[in-house]
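As recorded in TrEMBL:
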- A:1-12: compositional bias 'Basic residues' (COMPBIAS)
- A:91-304: domain 'ABC transmembrane type-1' (DOMAIN)
- A:1-26: region 'Disordered' (REGION)
- A:31-51: transmembrane segment (TRANSMEM)
- A:95-117: transmembrane segment (TRANSMEM)
- A:129-149: transmembrane segment (TRANSMEM)
- A:177-200: transmembrane segment (TRANSMEM)
- A:231-251: transmembrane segment (TRANSMEM)
- A:288-308: transmembrane segment (TRANSMEM)
Amino acid sequence: MTTARPTRHRYRPPAPLGGRRRATESPLRRGATAFAFLAPALIILGAFTVWPMLSALRLSFTDASGFGEPEFVGLENYIGVFTDPDILNAVTNTALYTVLFTPLAVVSALGLALLLNNPRLPFRGFFRTALFVPFVVSFSVAAFAWSYLVDPQVGLLNYWLRGFGIQIGNVLEDPTLAMPMVVLVAVWKLFGFYFVIFLAGLQDIPPSIYEAARMDGAGAFSRLRNVTLPLLSNTMAFVLIFAMIAALQAFDQIYVMTGGGPYGSTQTLVMEIYESGFRKLDIGFASALSYVLLAATLVLSLVQFVFFGRKEKDLA
Amino acid sequence: MSTARRSLRDLKPSTVLATLAFAVVTAIVLLPIAIIVLTAFKPAAEVNAYPPSLLPDDWTLANLKTVTSELPFARLVGNSFVFAGGVTLFALVFDSLAAYALARLDFTGRKVLLVAIIATLMIPFQATLIPLYQLVADLGWVNTYTGLIAPRAADAFGIFFLRQFFLALPRDIDQAARIDGAGEFRIFRSVVLPNAVPALLTLGLFTFVNNWNDLLWPLVFTTDAEMGTITSGLTQLTGPSGIVPHGVMMAGSLIAILPLVIAFLFIQRRFIENIATTGLK
Amino acid sequence: MKRKTVLLGGAGGAALALLGSACSNGETGGPATLTFWHGYTEADGDVLQGIVDDFNASQSDITINTEVKTWASIDDTLLTALSAGEGPDIVAMPAERLPVYADKGAFAELTGFYADDSSNTANLIPGAVSMIEVEGTKYGVPTGFVPLAVYYNTALFEAGGVTDFPGTWDEWVAAAKQLTIDEDGDGTPEQYGVVLPDHATVANGLWPSLFYGNGGDIVKEEVDAVIDSPENAATLEYWRKAIVDDKISPTGIDGVGADELFGAGKAAMTIGGPWMASIAAENGIDCAIAAIPAGPAAQAASAIGVSMAVTVDADDNARAAAEKFFAFFLNDENAAAWSLGSGWPPLRTDVPAEAVNSNPVVASLTEIADLGRPLLPGVVNSVDVLAAVDELTQRAIAGEDIAGLLAEAQGTIQDALG
């Protein structure tokens with residue numbers, strides 16, 4: 001971390017500075033300075049996120065319902081999580097959702113960002129703005145609008161597609177199509193967000209590097225592979241991790257559009273958590289399930305960190 | 001002028017095709033938005049008519065009137081501004097301070113802390129909602145703006161986002177200030193922050209939008225209807241049997257997204273064009 | 001009985017009833033301010049507010065403040081609020097949601113209240129009362145109990161030449177066929193005779209109603225799953241044939257979609273609750289109400305219930321005050337006023353039919369009130385039971401093997417009952 005880095009590539013993230021510049025400063029003092037900067041955020045996160053997380057952890061070993069004194073039940077809730085067939089179904093669905101959503105959202109965002117980074121494209125300012133607009137629509141409103149669009153009776157999309165001879169039927173009531181549909185809504189809503197982050201990452205790459213690559217005779221594809229993508233890996237890791245977390249916690253549009261149906265085919269883990277907690281009032285079970293999800297997310301994220309960490313040491 | 005001439009000269013068939021392709025993609029992407037806007041002005045009979053049409057035959061303000069009479073919508077929109085705006089202001093300050101330490105100060109446990117902060121994003125909000133509510137209630141903040149805003153006044157995403165940006169700022173920008181003997185806080189305030197305006201603007205927009213659109217927290221937190229936000233208030237438009245009148249709901253949605261779209265259009269030039277260019281110059 | 005009839009309509013009724021409960025609870029009657037959450041957002045809400053206002057004015061110690069939410073948001077917010085001591089003192093909710101809250105300790109027992117003669121509970125509809133009971137203990141007071149009924153579009157009936165409302169399943173299907181119109185012959189009718197959703201039906205009650213009609217049921221005695229019966233298999237076969245082969249109803253539609261279809265004038269009949277009358281009126285549809293036709297074994301309909309309860313957040317004083325309000329709500333005068341104003345039949349069997357004649361919807365519904373059966377009374381985990389029924393009916397209509405589906409549903413429901 002503290003070894004000298006070449007400064008000629010200005011796009012490369014530098015090592016933290018405080019330590020090197022003030023090598024004479026005691027570690028205690030450096031720690032105190034850092035803590036002063038971190039304190040407000042850590043107090044907020046500690047009180048309003050970490051503390052409730054720890055409470056939830058405690059509740060996951062009880063039969064808590066929200067009323068009265070919870071009783072300690074040991075690992076019963078966790079055993080329940082691993083033996084309940086509904087949970088297995090939710091795990092499968094969540095995995096499917098994640099596998100569909102993450103690449104689709106990331107690739108479409110990256111592709112559009114690459115294309116719209118081309119200064120020769122007419123109206124690119126307009127396209128950039130327009131493609132971001134879905135992000136400002138809330139999930140519940142987005143879900144509502146899409147449900148109306150694909151409504152089998154009065155939906156415009158169904159009607160138009162029928163004109164082309166395509167019958168998509170009742171998408172949200174179709175056990176094979178409902179999942180792709182709710183994924184599509186999430187991609188629609190969120191890709192603009194990832195798109196903007198990619199655009200920012202692309203603009204971080206100095207044009208001089210492209211010039212150099214071009215002079216070396218690299219074609220467009222080779223420049224993409226050997227210059228753009230490696231230099232974007234930091235951004236890519238960032239987007240991938242947040243896209244994956246969003247996918248693993250899929251809830252909002254599903255709650256509105258299908259309620260987990262048909263036949264539980266869009267029932268995700270967070271839908272299960274919500275149902276156990278807020279419908280069956282089984283907070284203990286909901287908390288245990290949440291911790292299993294947390295553990296899974298952590299493992300998957302660390303895998304990604306390690307994978308990208310090899311390319312970009314400064315990530316974590 | 002010169003731009004126009006240049007784009008004319010560069011008008012290769014591939015460019016025309018690409019532009020057309022983008023126009024189609026954009027139209028598809030904007031279709032649901034168009035549905036929201038146009039359905040808001042459709043009379044109830046047209047909303048469920050077959051064959052459906054994109055444009056209303058008979059434009060009406062009835063849906064908007066229903067929304068404004070059924071919901072204290074000025075109050076709700078005001079609450080949304082206070083909630084999303086308050087969260088954004090606090091989060092930008094606290095997140096950027098924390099991100100500065102994580103990106104540019106060296107201290108023991110930096111990596112572990114960063115991973116711990118990111119890990120707070122990995123538990124679904126539904127799981128911590130009840131303990132969080134109990135805590136805020138113990139603090140006596142139920143149905144107050146403080147209670148609504150405080151839990152969101154710093155967030156892991158913002159810290160991580162700004163950390164990435166601060167890392168990318170070249171190491172030499174604060175050298176002069178350091179030689180002058182400036183302390184870390186002065187470097188943060190007078191050197192790093194001014195260079196981070198586009199990133200702060202971007203994060204500010206993300207934070208504002210996400211909180212404006214948040215449903216669960218304001219819905220559960222505000223048991224007093226007067227304290228709800230426009231997003232949580234829209235749930236009140238559901239009829240007794242679960243029927244949501246589409247036209248009315250779309251009109252409510254339009255009211256809910258309009259301020260965001262306007263705010264976005266207002267800052268979008270600075271926002272996308274400049275998002276990451278400062279600090280490299 | 002006679003005394004109550006005499007008092008009906010007089011302000012004295014309220015005062016007397018109140019005097020009674022005040023005496024029996026004299027020792028805890030201090031000043032109290034109560035919060036009351038309910039989901040009556042329409043005209044019914046105004047009537048309820050009127051009753052609350054009258055109650056507040058009728059005495060000086062107790063003030064009840066109402067907070068109107070949607071039924072869904074009550075379910076979303078009640079748990080967190082109660083868990084932090086910030087909840088309401090009184091809450092109304094869909095009746096099938098009460099047992100789980102009661103079982104988890106969210107509500108106060110009302111055994112003493114029901115035992116008290118002055119509580120005005122003696123003549124409550126037994127089915128309505130069974131929905132506030134869990135394992136024999138009473139936790140609430142019904143605020144609504146109405147059998148699902150057929151709401152039909154009289155103009156479409158006239159146009160289709162159906163003059164008498166069908167009385168049996170066979171006649172019902174025949175009438176629905178007659179009212180189903182596929183003008184362009186593409187196999188998708190433009191107008192359906194009836195709309196029978198296959199999941200998330202109105203108050204989850206359509207399929208239970210049909211099961212009852214053939215002598216079947218879902219759960220017996222709170223603990224035994226009885227869904228896997230030859231009667232239910234026959235019911236599913238019968239209606240699958242009518243819906244899929246005879247196309248009398250669209251498929252893959254839920255209860256809300258059904259209401260919308262009827263409101264759009266594209267279905268001649270729908271199964272619904274009292275609000276269908278106002279939806280029809282809003283859409284300019286002339287609509288009449290009839291009982292769900294009799295099945296081979298019985299004529300019965302699942303009821304939509306709403307119950308209210310006293311929460312754990314109410315202290316002893318507030319609980320006593322809430323009981324006074326309940327007695328007031330159920331007194332002779334208000335029992336009739338609430339029925340008329342809400343459009344639901346009276347909750348007390350001793351409210352004479354003449355008292356609610358002035359509202360034609362209530363009059364029609366009161367006539368068929370005897371057909372109403374409580375849905376899953378006392379079943380704590382109604383969430384999983386209803387999900388299993390939804391999956392069963394949806395898959396059955398989609399053409400899957402009914403025997404296998406029933407066996408599977410039987411297992412799931414039995415598991416849910418514990």
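Note: Cβ is positioned from N, Cα and C throughout, glycine not excepted.
Unlike curated records, TrEMBL annotations are generated automatically.
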Answer key: the stretch among A:31-51, A:129-149, A:177-200, A:231-251 with most Cβ pairs under 8 A to the transmembrane segment (A:288-308) is A:231-251
Counting Cβ pairs closer than 8 Å to the transmembrane segment (A:177-200), the top stretch among A:95-117, A:129-149, A:231-251 is A:95-117
Notebook entry, point to check: Can we call the transmembrane segment (A:231-251) and the transmembrane segment (A:95-117) in contact, meaning three or more C-beta pairs below 8 angstroms at a sequence separation of 6+?
Noted result: yes
Contact set of the transmembrane segment (A:129-149) with the rest of its chain, CB cutoff 8 A exclusive, min separation 6+ beyond the ends, reads 112, 116, 155-157, 172, 181, 184-186, 188-193, 195-196, 252-253, 255-257
